[in-house]
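To start, the structure under review is shown below, and the notes come after it.
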Amino acid sequence: MAQRRTSGTNLFMTVLCVVAMCRAVPINELFERASQHSDKLHSLSTTLTQELDSHFPPIGRVIMPRPAMCHTSSLQTPIDKDQALQVSESDLMSLARSLLQAWSDPLVVLSSSASTLPHPAQSTIFNKIQEMQQYSKSLKDGLDVLSSKMGSPAQAITSLPYRGGTNLGHDKITKLINFNFLLSCLRRDSHKIDSFLKVLRCRAAKMQPEMC
């Protein structure tokens with residue numbers, strides 16, 4: 001399984017490198033590959049959230065911060081597909097790249113915290129966080145190439161700094177709550193990234209909006 005994931009990532013980056021040098025691959029195929037990566041990223045975050053929920057203390061659901069506290073909440077984004085379909089290609093790419101960039105540091109925090117997470121599935125969670133980091137890096141590199149083909153508006157990135165610190169808590173419950181909260185923010189943002197890239201994929205393939 002790990003070998004297949006690595007092979008898929010290598011193939012994706014190989015294709016993008018070819019495009020960067022000779023622009024031989026149609027952009028709709030590149031968006032298809034990017035969409036596959038974003039779909040996997042969102043799938044992993046969803047699976048991890050479900051994994052954590054299976055052993056999440058009841059008090060955690062009461063005191064966990066609300067979604068409005070996520071470090072990316074200040075970014076104005078479409079709230080559904082219909083709104084996303086009204087946004088330009090360049091702006092959608094800029095939004096996707098801004099969100100992806102905003103998770104570079106928090107993913108490191110999640111990875112570091114997962115290594116000592118007080119959870120029965122700690123090893124599985126840690127491995128999936130590592131996998132998410134790989135997909136995130138590969139997708140970021142791919143979107144950098146795609147945005148360069150779309151012009152300067154698509155290359156604009158809104159800074160969304162993470163100020164939550166590297167220590168998610170000293171006691172078991174606090175650490176689980178903060179870890180779950182950060183992961184829930186990632187799940188929400190990975191869904192946005194995936195949705196935006198699927199709209200871009202549809203447009204690149206010249207599909208009808210209702211097919212997106």
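The backbone N, Cα and C atoms fix where each Cβ goes, and this holds for glycine too.
Not measured: the values here are computed from a predicted model.
Annotated signal peptide per Swiss-Prot: 1-24, in sequence order.
Here Swiss-Prot flags CYS70-CYS185 (among others) as disulfide bond. Within 10 Å of the Cβ of CYS185 (disulfide bond) there are 23 other Cβ atoms, across all protein chains. In the three-state DSSP assignment, the secondary structure recorded for CYS185 (disulfide bond) is helix.
Taken from Swiss-Prot, the feature disulfide bond covers CYS202-CYS212 (among others). The 10 Å shell around the Cβ of CYS212 (disulfide bond) contains 16 further Cβ atoms across the protein chains shown.
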Secondary-structure category, per DSSP, in which CYS212 (disulfide bond) falls: coil
CYS212 (disulfide bond) and CYS185 (disulfide bond), Cα-Cα, nearest whole angstrom: 24
